[in-house]
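If you check TrEMBL, you get these features:
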TRANSMEM  B:12-41  transmembrane segment
DOMAIN    B:64-252  domain 'ABC transmembrane type-1'
TRANSMEM  B:68-90  transmembrane segment
TRANSMEM  B:102-126  transmembrane segment
TRANSMEM  B:132-157  transmembrane segment
TRANSMEM  B:177-198  transmembrane segment
TRANSMEM  B:234-252  transmembrane segment
Amino acid sequence: MAAVRSEQPAVVVQGVDMDFGTGAMAVKGASFALEPGRFLTILGPSGSGKTTLLRMIAGFQAPTRGEILIGGRPADAVAPHRRSIGMVFQKLALFPHMTVNANVAFPLKMRRHDPRTIPARVARYLDLVRLGGYGNRRIHELSGGQQQRVAIARALVFEPDLLLLDEPLAALDRKLREEMQLEFRRIQKELGVTTINVTHDQREALVVSDEIIVMDHGEIQQHTSPVDMYRSPANPFVASFIGVSSFLEGLSSPRGLMVNGVDCAGVAAGAILPGMPARGAIRAEQTRIGAAAEACDTVLEGRITDTIFEGERLMYFVDLPALGTGVRIYHHDPAEHAPFEKGATVSTGWNARDLLIFPAKDR
Amino acid sequence: MISRGQRLTIWSLVWLSIITLSLPTVVVLGASFTAGNMIAFPPEGLSLRWYEKIALARDLRQAFFRSLIVAGVCTLVSIPVGTLAGLALSRFRLRFAGVIQVYLLLPFTIPLIGSGIGLMLVFGQWGVLGSLWPVGVACAVINLPFIVWSVSSSAVLLDPDLELAAQNCGAGRVQTFLYVTLPAVMPGVITGSLLMFILAMNEFLVSLLLTDARIVTLPVQIYNSIRSIITPDLAAVSVVFIVIALAAIWLLDRLVGLEIFLKSK
Ligand SMILES: Nc1ncnc2c1ncn2[C@@H]1O[C@H](COP(=O)(O)OP(=O)(O)OP(=O)(O)O)[C@@H](O)[C@H]1O
Ligand SMILES: [Mg+2]
């Protein structure tokens, strides 16, 4: 049951720069707004400025330039301990001298909850993160993943207005991580708490979020819904970061992209004029192989150079002599387990709408 | 793997160090149990008569209690000052960091007699000489770097995010300090304060300068007796000192070993 909230965005970030004076800026010109109750994931490679942006939103660091508003008020207008922000730190920052119970009870004690209600509430949140019965352990007596879940319980237990998560699931095994992702989504919907999650796991971003921001080198590359992020990446960087894409270099043509004298079918993504140097991106799962390729808009002859078995699917590395380059192809064949042999010559193809063509100057 | 020869060398060195370091203690220990009238090693016969004597000697006993008071005052003064200074030194980029570093090296560079005379002049000016507490304060001033070091070496291990996390949980500055910062540096505070206690207990030169005949502390009392005649009761007193030091080390091990329990709650 979501609380009644004001109309203004929960978080506004306006032209924020962060310069530590150690070379390149950690965050450059970041701007976005987040409506109350939404789940935003900031996705980006290591060192792209995710933690820095999150810490500025938490009010731990003042931006070099720009402004951050939380619930319509400047982030630094309220003393840090009076903000209703739950945070899971990248390095967890659990209190080492306290038990699990004491860690989770700490925010309630500091916020002067009725002492009689605290134990029940602590137990409820420990159950939620599947740590029921671990309350009397000390922090150093827990595994990394268990510690991470204590940090999550500590951030959630006082039901904050804003939840900031810095890679909270990084230390969990895949099964638990996927369970916790769904759990997060459920809790977040149930409490209606505005959430900003940081990760470099693109799958997690797609699964849990209402919206995603992709960052690189301190700059926001794209801010949109998971489906849009996947379907219409704003530039080759986003295309390469979400999913697996292959890239083709060439000149833009009326049909799509001219690569090595071959006119490939594709669609322009963004402002692009014919004859301009351009870079095409095609997803591994949208590239067809064998019989499935025959009906595609572009069909080329390829030679399989390598095969990787990934369980539910295979990845083929296919060399395309006509283009002078290769592509990666995901192949899922539920009917028969008859993979193509390494060195085999196969038809390779894609449809025009799946080859996205960007101006080459973009990263 | 270490070869036989290396192992032999290492162990010879270890034993050599143990023997040279503990020899004086063993000699004093042995001498204190003598039944004779002279300090001698090996002792002539075994008895506890010299312990009985020091236990009954009023002046020694009083000097002992005075030393306890001095050590107590010194510890009480140095805990808050040393803790805050140690934290400040490791957490903030202080403007006078260079000056402070030099101050922290003072105990190794300035002879005690120098600082002792300085303090004597200051306390004389204030007209507080003749009571015990200035001796304790003086010991605190002179030995402060030890507790500052001890605390700041604990503090640099403290994850700065811990304090931010506490604030995020709703703890104000004071609460953050009490519930998070202080417990985290507690091992350093305990180590430092026991060190301060022992150092003040044993402090001789400063006590000599700042005390008069009515308020001599134990080390000064011993020194005074040595000047007249050396009897085995001094060996017994020395053993008492050694026992106190051992007790402090034992306590330290217990407290810092068990610091997690101390810090909980
Ligand atoms: N306190 C600091 N002082 C100087 N430079 C910093 C500081 N904190 C971060 N940086 C720099 O800012 C850049 C962004 O760091 P940040 O921690 O935000 O990355 P991140 O996206 O969270 O990476 P990761 O996924 O590895 O956690 C990095 O180049 C980093 O070296
Ligand atoms: Mg980070």
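Each residue, glycine too, has its Cβ placed from N, Cα and C.
For the transmembrane segment (B:132-157), the partner stretch with the highest count of Cβ pairs under 8 angstroms, out of B:68-90, B:177-198, B:234-252, is B:68-90. If you look at the transmembrane segment (B:12-41), the same-chain residues 6 or more away from its ends with a CB under 8 A from one of its CBs are 47-51, 230-232, 234-236, 238-239, 242. Proximity of distant same-chain residues to the transmembrane segment (B:102-126), defined by a Cβ-Cβ separation under 8 Å and at least 6 residues beyond the stretch ends, is recorded for 134, 138, 141-143, 145-146, 148-149, 205-206, 208-210. Proximity of distant same-chain residues to the transmembrane segment (B:68-90), defined by a Cβ-Cβ separation under 8 Å and at least 6 residues beyond the stretch ends, is recorded for 97, 100, 132-133, 135-137, 139-140, 143-144, 147-152, 154-156, 181-182, 185, 188-189, 192-193, 196-201, 203, 207, 217.
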